[in-house]
Structures are given as C-alpha cells and as structure tokens.
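In what follows, a structure is listed as structure tokens, so that the remarks can point back to it.
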Amino acid sequence: MIVLGIESSCDETGLAIYDYSKKKLIADELYSQVKLHKKYGGVVPELASREHIAKLNLLAKKIFKETGLSFEDIDCIAYTAMPGLVGALMVGATFAKTLGLIHNIDTIAVHHLEGHLLSPLLDHNSNIEYPFVALLVSGGHTQLFEVKEFGEYSLLGESIDDAAGEAFDKTTKLLGMGYPGGVEVANLADQATDKSKYILPRPMKNKPNLDFSFSGLKTAVLNTWYDEQDQSLENKANLCYAFQNAAIDVLVSKCAKALQKTKNTRLVISGGVSANKLLRHQLDLLAKNREYQIFFPPMKYCTDNGAMIALAGAYRYVNGFKDSNLEINVKARSPL
C-alpha cells in the first residue's frame, strides 16, 4: 500500500511517497521558505500560502519523474489538515482533494502533530513498541503524551504559555540575532567562553505536574541582557548557552518525571527542537543511566516534512480512516 503525503502547514512545502507494506520511504521532496521569511524575522502567512501554490505541483512532477511511479500506483493521498496556518493548510488540502478527484484516489486528513509523533519510525532501525511516552517539542507546541496504541494519545502535560521552540525564536529576537531561532541560539551557545557567567531560572522544573512554562525564561533573558553593560558577542554567546541549558534542563526533567509517573521505559522525541544536539545528548544520558529507550527522528525529519505525513497517513488508512467527501476542513488549532 503506497501513500502520497503532502505537508503545507507553515513554511515548508513537502511531498513524499511511503510504502507501508515495505515500511519504506520511496521518495521525499522538500522546499523550505526560510530564506523568504528570514528578512521579516518570522513567517508571513500570506507569503507562505503563495509559495505553497507555486511549489506543490512542481514538487509533485519531480517526485513522480524521479521514482518512475504514476498516480495509478498511489492508494491514498494524505495531507496535513491541522493545526497550522489556515491559508497554507487550505492550499495543501485543496491540492490533495483535487488530485484525489481527478485520479479517483482516496484522500485522508492527517493531524500535523501525529505526523511528528510517528516520525522516528522513518528511521529504519527504529522498532518502537507500545506503550511509550512522547515529547512533541517545536515552535508551536511543547506537549507530553502517553501513547498506548496508534491513535490512543493521552495528554500528560503541556506548556501553559510559550512553546520551547517559540522561546528559542523570541530569544534570538531579543538578542538581535537571526531566524530561525533554534539554530542561531545553538550555534552561538557552542561559542560560549564563560559557561557559568549567567544563571537563569528553570520555570516549573520542580513542580510535581508535567506542564511547562518558558515565558519567564524568555523574560529573564531580556532582563539579563538589558542590565548587561558589556553586550559583546562573547557575552551574547554566554547568555545563549545559559538559556539553552535552562530550557533543555526543564525538558529532560519533565520527560524523566513522565516516564516515572507512567512506568514506561520508552520515550519518543519529535518536533523541530528534537534536532537540538544538547537535548539529544542529555536524553541519551538519561536513557543510559536509567535503562530507558530513547527514539529520535532522523535529523532531516525533525522539522516539517512530507515524509511524516505520508507515514501517518498510511497508518491511518490501514486503520480504516479516510475522507468521506470533498469538503475542505482545516483548522488553525486542534488538540491531538
């Protein structure tokens, strides 16, 4: 069973073809709009939608040409329906529904977060057994789930204000750095010369619940930098180091608590922030010390991509899900 996946929830246009029977990704194409939005310091929704319109058909032609496949080989077309930028989602959903109508192929709506949650399965070496705890950590979401079976997701905790990735992005703006924030902070943190110069708070780290808060950490960065008389690049690197350490410390601590609370031994990490080297290192240490299994997506599939949508669509399709009509139903916000 072969699925075409379409991702267009924000500023990445992604198409991929996944073979469920072989558990193999056949093809993957991605167009990133980062350069387009970089000069604005963030994603401009109208521009994102227009770029999706311009690129989707081109990527589709490319992916079929390179694989030698045709629409006759496709059993289902999966597309991101929620959450995301409504205009961008509309473009992808309309493209998918149109292809489905023309070629008489079933379509299926996919939740963007479910795509992220399953993305570690794109690693051929990943054999993830249920149940497990999952941390979805990105620019828009920071959530902990207990996953008992496919489609059975119990929310354990989430950010009560800024998502972790959002805090990274806002920190770069506060410090007059570039976009996207996660990469900029991590790169500059690696250049820190005085790693103990700044001590920042770990919001909610010691709370017994599994919720997160990153707004206070962001404010602490602002106040610290405002009071700093020597705003040199060296001190900016030191502050990035302190911020990254604080944010990652909270994430790892909450993951450990979630595993203890649910008595699970398997942890899945996904979303854009899962590419962070320090997060991966600290979680690997946690796994080693407590004999947990940690699963990450391949680095190229941490951020938004069509492969995870094709994968999630395949799992939904074999579990009996598919669109019942041609109605376009996308949502900016939607819990998993």
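Yeah, the Cβs are placed from backbone N, Cα and C, and that goes for glycine too.
According to Swiss-Prot, the protein has these features:
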- H112, H116, D304: Fe cation binding site (BINDING)
- L136, V137, S138, G139, G140, D169, G182, N276: substrate binding site (BINDING)
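All features noted in Swiss-Prot, drawn onto the structure.
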residue : record                 : CB count, 10 Å
H112    : Fe cation binding site : 26
H116    : Fe cation binding site : 30
L136    : substrate binding site : 27
V137    : substrate binding site : 28
S138    : substrate binding site : 24
G139    : substrate binding site : 24
G140    : substrate binding site : 18
D169    : substrate binding site : 23
N276    : substrate binding site : 26
D304    : Fe cation binding site : 27
D169 (substrate binding site) and D304 (Fe cation binding site), Cα-Cα, nearest whole angstrom: 16
Mapped DSSP class for D304 (Fe cation binding site), helix or strand or coil: coil
Rounded Cα separation (Å) that holds between L136 (substrate binding site) and H116 (Fe cation binding site): 7
Other CB atoms, at most 10 A from the CB of G182 (substrate binding site): 24
Integer Cα-Cα distance in angstrom, S138 (substrate binding site) to H116 (Fe cation binding site): 10
Residues close to Fe cation site centre defined by H112, H116, D304, Cβ within 8 Å: E7, S9, T80, L113, G115, S119, S138, G271, N305, M308, I309
Structural state of S138 (substrate binding site), classified by DSSP into three states: coil
Rounded Cα separation (Å) that holds between D169 (substrate binding site) and H116 (Fe cation binding site): 20
DSSP state at N276 (substrate binding site), helix/strand/coil: coil
